[in-house]
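Chemist: Here it is, the structure, as structure tokens.
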Amino acid sequence: MSGAVCPGSFDPVTLGHIDIFERAAAQFDEVVVAVMVNPNKTGMFTHEERIALIEESTTHLPNLRVESGQGLIVDFVKARGLTAIVKGLRTGTDFEYELQMAQMNNHIAGVDTFFIATTPRYSFVSSSLAKEVATLGGDVSELLPAPVNARLKAKLAARD
């Protein structure tokens, strides 16, 4: 049985992320989305909210589950008996960074990373950009899963 992890902060999860999850789920028997804890970052959504939003947005993927993760991703992979890391790539800049990470993960733990090129319609989408546009009053409904868009609107309305 093959299993892979899709790690990230997902603050919030976007349709670009969902696209990568769907494509990974088609290639691996089991996919775990690891919502990584970063004590140096404060996000718009709490860690628990991010996990819940991904769960709500991926109910159509029976071989995918969402977990909290922290520390080295290779330790997460090994502890769960998974075999690979999956990362989405939007640009050459993403590739340069992710290639270094992939090589380090292979060096320290022998874990391979599989890269999935983002579908062109999502190639410009990032969590940061979606939050920025929404904060300035723009419509991001075509960039985010419906539950995420609704929760983002509610958070922004509560700030006003």
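Including glycine, each Cβ sits where the backbone N, Cα and C put it.
Swiss-Prot lists these features:
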- Ser9, Lys41, Ile73, Lys87: substrate binding site (BINDING)
- Ser9, Phe10, His17, Gly88, Leu89, Arg90, Glu98, Tyr122, Ser123, Phe124, Val125, Ser126, Ser127, Ser128: ATP binding site (BINDING)
- His17: site 'Transition state stabilizer' (SITE)
Chemist: Which residues does Ser123 (ATP binding site) neighbour through Cβ under 8 Å, counting only same-chain ones at least six apart?
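Modeler: Expected: Gly16, Arg90, Thr91.
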Chemist: Counting across all protein chains present, how many other Cβ atoms fall within 10 Å of the Cβ of Leu89 (ATP binding site)?
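Modeler: For Leu89 (ATP binding site), the count of other Cβ atoms within 10 Å is 18.
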Chemist: List, in sequence order, those binding-site residues among His17, Leu89, Glu98, Val125, Ser127 whose Cα sits within 10 Å of the Cα of Ser9 (substrate binding site).
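Modeler: If one measures from the Cα of Ser9 (substrate binding site), the binding-site residues that come within 10 Å are Ser127.
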Chemist: Whole-number answer please: how many Å between the C-alpha atoms of Ile73 (substrate binding site) and Val125 (ATP binding site)?
Modeler: 24
Chemist: Just to confirm: which same-chain residues, 6+ apart in sequence, have a Cβ under 8 Å from the Cβ of Ser127 (ATP binding site)?
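Modeler: Same-chain residues close to Ser127 (ATP binding site) (Cβ under 8 Å, separated by 6 or more) are Ser9, Phe10, Asp11, Pro12, Val13, Thr14.
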Chemist: Check each residue in the chain of His17 (ATP binding site) that is at least six apart in sequence and keep those whose C-beta is under 8 Å from its C-beta; list them in sequence order.
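Modeler: Result: Cys6, Gly8, Phe10, Ile54, Gly88.
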Chemist: Taking only the Cα atoms, work out how far Val125 (ATP binding site) lies from Lys87 (substrate binding site), in Å, as a whole number.
Modeler: 15
Chemist: So which of the binding-site residues is most packed in, judged by how many other Cβ atoms lie within 10 Å of its Cβ, out of Lys41, Lys87?
Modeler: Lys87
Chemist: If you count Cβ atoms within 10 Å of the Cβ of Glu98 (ATP binding site), leaving out that atom itself, what do you get?
Modeler: 16
Chemist: Do me a favour and check the Cα-Cα span between Lys41 (substrate binding site) and Leu89 (ATP binding site); whole Å is fine.
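Modeler: So the Cα of Leu89 (ATP binding site) lies 22 Å away from that of Lys41 (substrate binding site).
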Chemist: Do me a favour and check the Cα-Cα span between Lys87 (substrate binding site) and Glu98 (ATP binding site); whole Å is fine.
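Modeler: A Cα-Cα distance of 8 Å.
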Chemist: Taking each of the binding-site residues Ser9, Ile73 in turn and counting other Cβ atoms within 10 Å of its Cβ, which one has the fewest?
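Modeler: Comparing Cβ neighbours within 10 Å for the binding-site residues Ser9, Ile73, Ser9 has the fewest.
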